[in-house]
């Protein structure tokens, strides 16, 4: 420590063992690879392409990573190989992913024990080594990183001769020529860039690496018995492909990808996660600790209902994938198939960028995400049931297609929205803005189309939530309203004049009717007087029910029926058809209406007869008026019944139209599929034509050479005697040429057996002439 002092204060040093300790923060190898991808994606590098591959160098399995970004100067490479340096800044709205200045060290050392970095800028070429094997060989007490730098113009000038000797001795490359060969590989991708090679890869118990390079030649996978998957009670079949396939993981690594990733020669088909869902709905979350709203996008997974949860991003980078919240954690079907997408820039990710710090903000966010997700699930089910009540197939089990189709241009890397109905899976491997059907965005110079319109920025409507809130408010608002409802509902029962005297029980009190009121007491709350027989008669203080009060009462009765609150209602009220109950048959409804009017007339006649006995002419007029109002109420009931029948008829027509629309959609999908197959066949035909032209050109060239040889032979024969024979060299050359032509002709004449051909004769010449004639 004596050599490590700053103004008399000893400096802290890093022991080489820290390289391994630091790498253990990555329990999952793909998170380590993501750290290297982030370095190329960040705005200080701004790479457009990033290559990941597997190769063998000096009998060592190696992982290689290369980008075509700005490259690293000697100073920047030293900072990248050191700990805690992170001076990245945002550029043109591009926010860097790197936070701690530790990602490259922890990621590379998690994948293997040794890493060498080649980088080229406009002026310099640098090579750096971070190797646990090297540090162990020299028995280093502190971490040292050899770095050598060459000038691109005049390579004789070099910085770090001692570092060069260390790199050549302890790396896979033993000569300067081999180092420059790796630097020249960067030239193939652009004038600048960085290439990283990692060897001494981590291995599992049986000696093989933790990566599977054989199952898919265009992918890097994790062995199923090595993959550490966070189950959370889910079955093995529900494990997302991104847990063990690097192609699948890189396709969702960024919320809005701005860089192409090529894995083992195949471009990753990146996607806009928030736009690749079905039944998309945007919601807003406004936490108390933020001054602005955070948008949450919900939708159904169109690929597999087993893969669902919340996709949580930070600064455009995926932190947690398929994180189940709220009702999704319970053992039922609620929330199955639903995916939520949120960018949580207000939360702090952990050092390995695979989780968030467990703070109060994080816990509140997770709780509210569960609430928002359950709201979306309820709203979608409510809407689907309302549109098609007869549909019994759950949404998660139905065949779904993304609401929108987006594709990225391979030239400018801008995202373009395609018209509805186009399947991105049928597009060519390379797609450019010139192929866009929309003329407004058919050029790479055109601005990128915004993902969301102004309407998408607002929260989606929630009729199910509003209905529940309204129902609860009306139930709790006024319990006293039940008294008024019962008052309006209780009307006089049918009784004749001769039944008045027998309506009393043995105790002399009126016999209660089936509705709980006195048989001859039409309004229990009205004042009444007794006659000589003991019957109570209505007085002129009775409340008169007009049309407006009846409508108000009818609305409350309808609400009570919807909430299934038991109440007392007469026959006329039962004839009402509400929007939440099925319509009654026309014959039954008509019978009930006639029965209600007949009972009303009998009650009126009985009451008029009683009042004539008592001599109440004024009361008689009031009861006639009440009878007229009753008839008006009956007419309102009939109008409501007619409206209900018309509504049911319209619903039936809507269902038929929806079925026709579904049939048209199915036919359109079939036509689009045929169109895609036709496009693919046309591309294949073009490729065949190109190959045919190339073969024709080769055939013409071989024919020309054969003619030249024939002329030479003829000249030799004319100049020599009749006994002249070609020299062994010329004869061997002609025979070799005919063998080459024969192998080429097999592609045109598959039945040609080369083993039976005499190459000393001119058989091959004649076959070639015939093939050329047919081709041309």
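Just so you know, glycine gets a Cβ as well, placed from its N, Cα and C.
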Practice prompt. Out of 407-442, 443-478, 623-658, let me know the one TrEMBL marks region 'Disordered'.
Written response: 443-478
Worksheet item: Roughly where does the domain 'CW-type' (400-452) sit in mean pLDDT, to the nearest integer?
Response: 87
Worksheet entry | Secondary structure tally of the domain 'CW-type' (400-452) (DSSP, helix then strand then coil) | 9 helix, 8 strand, 36 coil
